[in-house]
Amino acid sequence: MKVSLLAVLLLGIVAATYGQGECGSNPCENGSVCRDGEGTYICECQMGYDGQNCDRFTGANCGYNIFESTGVIESPNYPANYNNRADCLYLVRIKGARVITFTIEDFATEIFKDAVEYGVGPVADFNQALATFEGNLTANNQVPPPFSVQGEQAWFIFSTDRNIPRKGFRITFSSDGDDCTPNPCLNGATCVDQVNDYQCICPAGFTGDNCETDIDECASAPCRNGGACVDQVNGYTCNCIPGFNGVNCENNINECASIPCLNGGICVDGINQFACTCLPGYTGILCETDINECASSPCQNGGSCTDAVNRYTCDCRAGFTGSNCETNINECASSPCLNGGSCLDGVDGYVCQCLPNYTGTRCEISLDACVSLPCQNGGVCTNVGGDYVCECLPGYTGINCEIDINECASLPCQNGGECINGIAMYICQCRQGYTGVNCEEVGFCDLEGLWYNECNDQITIIKTSTGMMLGDHMTFTERELGVAAPTVMVGYASNNYDFPSFGITVVRDNGRTTTSWTGQCHLCDGQEVLYTTWIESSMVSTCEEIKRANKVGQDKWTRYEQSFAPQPDA
């Protein structure tokens with residue numbers, strides 16, 4: 001049975017917005033309690049009243065207001081029977097709650113008569129109820145599962161009639177608010193809200209439930225080589241001792257990187273230092289000093305010292321030598337004294353002690369000028385007032401006839417001939433093809449061309465590149481008649497360029513006659529002449545048979561015809 005006075009019932013918990021100290025004006029009426037908040041206040045109304053300031057009478061005769069985040073809602077007298085004619089209003093407001101979850105632990109009412117309804121929001125309205133519970137749910141095993149409402153406020157209405165009261169109900173609740181407001185996480189951590197809990201996501205470098213602890217990155221002793229660790233947020237800094245660098249002071253600084261050693265010195269790196277190993281001739285921390293090797297005055301006998309790198313040079317006075325000018329030069333070593341004179345060495349000089357009849361710095365002057373036989377190459381010496389004169393043989397000249405006159409100086413050899421000097425003469429070695437004392441005459445004989453013998457027979461010789469000779473032969477009669485038997489001529493020549501020898505063979509009349517010449521080319525009075533010996537083989541007929549007959553003779557061939565040449569011997 002629903003009571004009409006609860007048809008529309010405003011919650012008795014109202015928040016209002018004012019300035020600071022909102023309860024200072026005592027806004028709550030009818031004995032209600034004012035609870036001050038940030039910019040708001042809440043009036044906790046007495047039973048039977050609601051409204052913003054608890055200024056409205058509701059007529060409810062049971063129920064209560066609940067502000068805790070967890071709690072219990074029970075029917076009047078639970079677990080004893082509830083009263084008849086009860087009109088109970090239970091108001092739940094949990095500040096900051098996002099979800100309120102209710103669990104029915106026990107429930108027994110008169111079915112269809114005594115009911116419990118619940119809803120969400122600031123107004124309790126039967127028409128806005130989310131669910132209605134009635135009957136002996138516990139005994140019938142019909143207790144619904146836990147249920148939740150969204151927000152900070154919920155309400156329950158319990159109405160009974162006049163008959164058959166029961167044990168009633170027991171409902172527990174809990175709320176889940178925004179546990180991240182205010183933000184419990186420190187050091188810029190991100191708060192993640194959970195069910196009645198929260199989790200802090202810490203930024204790098206922090207730990208702890210609320211990220212309150214700065215992680216000590218120096219705990220692992222990361223700094224090496226004596227470096228001091230300075231902890232920072234999510235990091236650390238190593239203050240390195242001199243000579244080291246790097247994030248963890250892991251690097252030994254190479255003091256040699258700047259190449260401090262001079263003059264080729266070798267740098268050896270150390271801890272915050274270096275050492276230079278100097279090349280010979282240098283000293284100093286950086287090998288910057290050239291050692292003065294002249295400081296010890298090494299040059300003797302007045303020599304001048306010139307310093308250099310790792311060495312020195314002595315410029316010796318005349319008459320001394322050696323690396324330190326320690327040696328007196330023996331000017332007598334070259335035996336300067338002539339004609340048996342004795343040499344006495346001095347400093348930068350010598351003295352010659354001459355034999356009798358000789359004088360001069362080197363005993364070079366003979367009081368008998370010809371006694372030393374100064375004239376060479378057969379020259380005749382004549383004394384002339386303490387001196388001498390040489391009369392030279394032909395081919396020599398000079399004061400002592402020591403000069404062989406070069407007869408080739410006038411270039412007497414012609415046509416590229418080579419001149420070989422002799423004593424009062426010369427010889428010309430002529431190039432091939434030339435002759436004569438001065439190579440002035442042409443001296444070679446050319447086989448190629450037309451030749452005529454004393455009978456004015458004609459031979460034509462043609463030379464080939466292989467050394468073979470070709471040609472033709474015609475007798476004087478054939479030339480006169482203009483008719484010649486068919487001939488074939490072949491031959492050869494020697495490699496003698498000046499006066500070549502040769503051999504030729506002429507086959508005539510299809511082999512019936514064969515004539516062979518051998519000979520050599522000569523020059524006579526500047527004219528080319530061939531002197532030859534010939535043999536002729538020809539076929540002759542007799543009464544009995546045909547046989548060959550041979551003839552032998554000699555020829556002299558020239559470049560011109562000889563009309564009255566003598567006949568060759570038969």
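Our numbering is plain: 1 for the first residue shown, then up by one each step along the chain.
Yeah, the Cβs are placed from backbone N, Cα and C, and that goes for glycine too.
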Q) Of the listed cysteines Cys278, Cys294, which one does TrEMBL record as disulfide-linked to Cys287? A) Cys278
Q. By CA distance, which of the disulfide-bonded residues (Cys325, Cys363, Cys430) lies nearest to Cys278 (disulfide bond)?
A. Cys325
Q: Taking Cα atoms as reference points, rank the disulfide-bonded residues Cys240, Cys445, Cys521 by distance from Cys287 (disulfide bond) and give the first.
A: Cys240
(Q) I need the CA-to-CA distance for Cys202 (disulfide bond) versus Cys45 (disulfide bond), whole Å please. (A) 44
Q. Where does Cys521 (disulfide bond) sit in DSSP terms: helix, strand, or coil?
A. strand
**Q.** Between Cys430 (disulfide bond) and Cys521 (disulfide bond): CA-CA distance (Å)
**A.** 19
Q) Could you state the CA-to-CA distance between Cys240 (disulfide bond) and Cys445 (disulfide bond) to the nearest Å? A) 108
Q: Going by Cα-Cα distance, pick out whichever of the disulfide-bonded residues Cys45, Cys54, Cys316, Cys325, Cys401 is nearest to Cys211 (disulfide bond).
A: Cys45
**Q.** Under 8 Å by Cβ from Cys363 (disulfide bond), same chain, sequence gap 6 or more
**A.** Cys337, Leu338, Asn339, Gly340, Gly341, Cys352, Cys354, Leu355
